[in-house]
Every structure is written in structure tokens, then in C-alpha cells.
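Enquirer: Marked as active site by Swiss-Prot: Tyr123. Positions annotated as Fe cation 1 binding site by Swiss-Prot: Asp85, Glu116, His119. Among the features that Swiss-Prot reports, Fe cation 2 binding site is placed at Glu116, Glu205, Glu239, His242.
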Amino acid sequence: MAYTTFSQNKNDQLKEPMFFGQNVNVARYDQQKYETFEKLIEKQLSFFWRPEEVDVSQDRIDYAALPEHEKHIFISNLKYQTLLDSIQGRSPNVALLPLVSIPELETWIETWTFSETIHSRSYTHIIRNIVNDPSIVFDDIVTNEEIIKRAQDISSYYDDLIRDSQLYGLYGEGTYTVDGKECVVTLRSLKKQLYLCLMSVNALEAIRFYVSFACSFAFAERRLMEGNAKIIKFIARDEALHLTGTQHILNIMAAGQDDPEMAEIAEECKQEAYDLFVAAAEQEKAWADYLFKDGSMIGLNRDILVQYVEYITNIRMQAVGLPLPFQTRSNPIPWINAWLVSDNVQVAPQEVEVSSYLVGQIDSKVDTNDFDDFSL
């Protein structure tokens, strides 16, 4: 069935599945099939921030004084994060919105994707401040072999889903040849592609940022590149929310409470999902090798980062019902939690940009029952 921006068929959105039902018509939020997505939207909106709010002028001085191997670590991570958020700033909208059937999930995907564009703008804000010619950095992203190796794994799941869902929308089920490749398109094969695409996105949000995050926070622990670390802290807070969103979608699918066929597909794809996560973890270990090829930094080295990748991979895989692949069970860099959990840090508002400040998070609804325990 071809995608329509406004279906005129009246339907009960509470009875629609998350995906592959009737396209959303009225964007209504007085009722939700899954209230979690509404809460995620509200939380993301309360997080709203702009990179220009953070003063990164001291970072230019700090960066100039770094030894060459630490400059390599810092700038390489920014390149890699730019790649990840370039993909995430457009792909969820392009791939998922034509398939969504409930308004709260549709709006969550749009809200999520918009926040990713802020992340991309942040990297430009940081890079523009520390180097004289930012284009040298950005131009290297699409030619850097280490970065491109990761880009293919990340983008292929999106690309396959987008291609086949467009074929399905235009022509229905069948076998088609696109760019010399034979594509067998069925509704079930699309559901499988969707599940694996979401699992790939989950791995991206769950693992792929965290080597870079750890390095940024390790610099800040030494009172270096602190403006960058404040921005990365905002980004990490957003990414944790996006991770919660994909975990929730995947767990609903696996439980079969939304679409019984998705539960079958989740079971059928368990090994592929496991392999996908482990491959992402191994790539991040290889990224740590690349970062530290010329030397370590104070408080962080290749071996510590490898242990951290294994630790965090176990946690993320357990959250979506997958077996644990690694022996590492304890966090080798516990100090990172002070950066990843915004409530852990108390600061004076006049001294720094306050990353724990939220907007519109007071519940102003009052019911007569709220006064039942009052006595005069």
C-alpha cells in the first residue's frame, strides 16, 4: 500500500500496531497506545539545548597545548561522532516514518531525529573553535578508512529497509532488480529488516558513542577541553534517552504484544542480533586500537577502554533479551558515571552551564483526590 501523508480512512489508533498498520492521520495525543513514547517526547523537549550556550574558547588554548597523539585521539573521536550523528540526523525519519502507525511513536521518532541534528551542529561548533580550517577535518571523514569501515555496517541496515519499503509501497510484494541486485520483497521480510535495523540502531546508541565519550570525559578529568566535555555530556544524556526508546520498541516487538509475528521474527533473528552487537563491540575495540596507536592518555588506555566496551555491551544486550558475550562484569572506569548521570553533579548556576536543568518538568495537574490526606 502506497504511503499517504493523511489517510482519510477512520481508524482506532489504539488498535494499530507500531509499524505496518494504517499510516497515521490525525496526530492526537489525548490517548496513547504506548505512553512511554509520550514520556520520552516530553523528556527530550525538556532537555532542549544549543551548543552555542557552551563557551569553548578555553578549549582552543587547551587543544594547541596537547601532544600530537592526544590531538589525534580528540579530533578522531569528533570525526567519528560526526559520522554517527550525520546518519542518525536523517535516517530514522526517512526509514521509519513511512512505516509508523501510531502518532506518539511517529512524534517520538521526529523528536529523536531532530535532537541528533543538534549533536551534529555541536561537533561543528567544537571543531570550528579549535582548528583554523574545519573543512580539512570534515573532508577527511568520508576518506578516513577507519571511519568508513564502521559507516558501512551502520548504514546498510537503513539502506536495505528504505529500498525495500519503497518497493513495497509502490508495487507491493514481489521480486525486483535494483542496481543489479535482486530484491525479494514480502511483508514478513520487511518486518525482519525493520527488526534488524532497529537492533543495529540500538547497538549504535548503546555502544558506538561510548569510547569517544570516555576519552572526552578523561580530558575533562584533567581540566582540559572542558567546554567539549560539557557539550558531550548533553549529547550523552540525549543518547541515553534514544537508547531507551529503541530498547522499548524492541522489547514490545519481542513480547509479541503489538504484533504476534514480530515475536516470531525476534526469536528467529536472535543469533543475527547477537552477532550484530558483538561485531559492533569488536569494531569499537578496534577503534580504541586506532585512537591509542601513538600513545595513551593519563587515566585511559587501550586495555581499559576494551574492558569498558565489553562491560557496557553486556549491559546493553541484557536489556534487549540477548545473552552476554563477555566475561567483564564490573565497570573499569567508574568515574565516568559522574558524567553520564547528570543528577550526580551539583554546580553553582552562575559558574557553569547547568546540564541538569530541565524545562517544563513540573506536573501542574491537580485533582481533588490530591487533597484527601490533608487535614485542617
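Including glycine, each Cβ sits where the backbone N, Cα and C put it.
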Enquirer: For His242 (Fe cation 2 binding site), identify the closest of the recorded positions Asp85, Glu116, His119, Tyr123, judging by Cα separation.
Expert: Glu116
Enquirer: Can you give me the same-chain residues 6 or more apart in sequence from Glu116 (Fe cation 1 binding site) with a CB-CB distance under 8 Å?
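Expert: Asp85, Gln88, Gly89, Pro92, Asp238, His242 - these are the non-local Cβ neighbours of Glu116 (Fe cation 1 binding site), listed in sequence order.
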Enquirer: Please report the distance from the Cα of Glu205 (Fe cation 2 binding site) to the Cα of the residue listed as 'active site', rounded to the nearest angstrom.
Expert: 17
Enquirer: Other than Asp85, Glu116, His119, which residues of the same chain sit close to Fe cation 1? List them in sequence order, counting a residue when its Cβ is within 8 Å of the Cβ centroid of the site.
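Expert: These residues sit around the Fe cation 1 site: Gln81, Leu84, Ser86, Gln88, Gly89, Ser115, Thr117, Ile118, Ser120, Ser122, Ile235, Asp238.
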Enquirer: Taking the Cβ of Glu239 (Fe cation 2 binding site) as reference, which residues of that chain separated by at least 6 in sequence fall under 8 Å from it?
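Expert: Sequence-distant Cβ neighbours: Glu205, Phe209.
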Enquirer: For the recorded positions Asp85, His119, Tyr123, Glu205, His242, which one has its C-beta crowded by the most other C-beta atoms within 10 angstroms?
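Expert: Answer returned by the neighbour count: Tyr123.
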